[in-house]
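**Q** Could you have a look at this structure, given as structure tokens, before my questions?
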Amino acid sequence: MPVWLREHSWRQTLTAVYLSLPLRGARATPANIFCSEQYLKVSIPPFLFEAILYAPVDDTNSTAKIGNGNIFFTLYKKEPAMWDSLTLANAGKEKLQHLRENAVLKAQEKAKEETEAKKITKQEHKKYALEATMKLEEAERKRIEDLKEKERQKVAKDLELWKNRQKDADKYKSVQKKGELHQEIEPLKERKNEKMNKTRIPNEGTSKIRLKSTKGCHGSCSIFSQNLKEEQLPAPRAAATIKVDFTPRVFPTALRESRVAEEEEWLHKQAEARRRINSDLSELEDLKEEEKNPDWLKDKGNKMFAMGNYLGAVNAYNLAVRLNNKLPVLYLNRAACHLKLRNLHKAIEDSSKALELLTPPVPDNENARVKAHVRRGTAFCQLELYTEGLQDYEAALKIDPKNKNIEKDAEKIRHLIQGTMQSS
């Protein structure tokens, strides 16, 4: 049988009613309180308090504060007036039942409207996050294309300048060779003329000698021509294109600069992600190849978290988890987003999942385990489960005992627990 709370105190103004209800050691939460326009109920087993208010109040703006073993209600009147009493006099069981049913129906309708509004808001946020992601990707793609175009123009300009320099160098070499050849031919012609003058004798009787000399001159002329041909340099080689064939590789880096083991692991992850996409995620066929990479989605979620777009970051981490649910950093980062969005139960679930994946505990994952314990402990404390939160903070201190911030937070939680125990 419930124990009815009869003791209470209240005061009023023209616009508000202030009600104080003692709890007698019971621990209350917002879930124990129900308030409508003219009906107020507080259910804290085994205690129960019900009241049909004297006049309607604004249940949307009215507040309730829990602390120091009391519940303080601030009820704002819909119409400014002074009440004769807190509750409606001569309220029978039938009227109480009728008001209770109407209040429950109105509360259900209001909750349904709020759910629909949240659903619409969530869809709008999701659409906005997708549009923002697309804009960011488009801007990044355009920036890369501009850089490529500038680099292409620069290379084309340098190539054209190099070709012009090569042409000028070829012309200079050609002119220089012609000048050297002319300088070599002039002394040879002078020697030839001297020899011919020596062989010319005015006596006709010496025609044979002259003939012989002529023949010798002819022979010397042939030798000169032959020597001249031998001394001529070959023409410059014509320009040509050299084709180079490379060994086909998946990665653009050279084999000598690559890390084979890491590349093989990345390819294995990509193949596993493709198999999951083809089997379970047929709705993601329109995504680009890099958008199906969990690491790319993780980086995208980190950027959105830094920009304050926590819903967009959650969407990115959700898709990354669907692609690869074995990465603890995805659950750890998503828990941080849920803390920002006040989704405390989801933050606890993601932190717990991250701790499951961070086993066995090794020095390499100490930092991640500390973050998981702190985030789960923070969520517990915000749910007023201070004992569970203190356990997580103490576990984080065991891993990192030199962290002063965690030690201060743990000390604050101990004081809260002691204060709660003293008040109860």
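Placement of Cβ uses the backbone N, Cα and C atoms for every residue, glycine included.
TrEMBL entries are annotated by machine, without manual review.
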**Q** Between the candidate ranges 104-154, 257-307, where does TrEMBL place the coiled coil annotation?
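**A** Comparing 104-154, 257-307 with TrEMBL, coiled coil matches 104-154.
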**Q** Do you know the DSSP helix, strand and coil residue counts for the domain 'CS' (3-87)?
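**A** Reading the DSSP string over the domain 'CS' (3-87) gives 3 helix, 49 strand, 33 coil.
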**Q** For the repeat 'TPR' (370-403), could you work out the same-chain residues 6 or more beyond its ends whose Cβ comes under 8 Å from its Cβ atoms?
**A** 29, 328, 332, 335-336, 338-339, 342, 344-345, 347-348, 351-352, 354-355, 358, 361, 409-410, 413-414, 416-417, 420
